[in-house]
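According to TrEMBL, the protein has these features:
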| type | residues | note |
| --- | --- | --- |
| SIGNAL | 1-23 | signal peptide |
| DOMAIN | 26-141 | domain 'MD-2-related lipid-recognition' |
Amino acid sequence: MANCMMIVPLLISLCLILPLIQASKFQYCDNNKDYDVKVSGVKISPNPVKKGKPATFTISATTSESITDGKMRVDVRYFGFPVYSQDHDLCEETSCPVTSGNFVVSHTEELPGFTPPGSYSLTMKMINGESRELTCISFGFRIGSASSVSDV
């Protein structure tokens, strides 16, 4: 009986926490292409993103070949209009060299306080040092307003 009383609060806690840590849905830019890097998940924290606060985009992936250098190109659109585009050194977003197997790319960006709230789409391409596209994915995210409570 005591075990049942401990399991119920655990199950309730999991039901409350799981929606906060679920991965965002993504799609490949070209479903017919066999990318060298296979993405398994995208997580955005916080979700929704808060303007004027740091947001972290974490991408879990797998590669069959090692990656020693390259870049990550990020393009963001708001209602279909390009609003942000930047290249990042891939080795600053993950540990290089990336050996074959699983790896994680994580990028943190602080959005300006004047960023309009709403739905955005992000396209991310990984390109190796020889300018070969390793993967390309896109996903949507929302930007809400910043918290009204100031950080102390």
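Positions of Cβ are set from backbone N, Cα and C atoms, glycine also.
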Residue counts for the domain 'MD-2-related lipid-recognition' (26-141) under DSSP, helix then strand then coil, are 4 helix, 73 strand, 39 coil
On the domain 'MD-2-related lipid-recognition' (26-141), the mean of the pLDDT values is 94
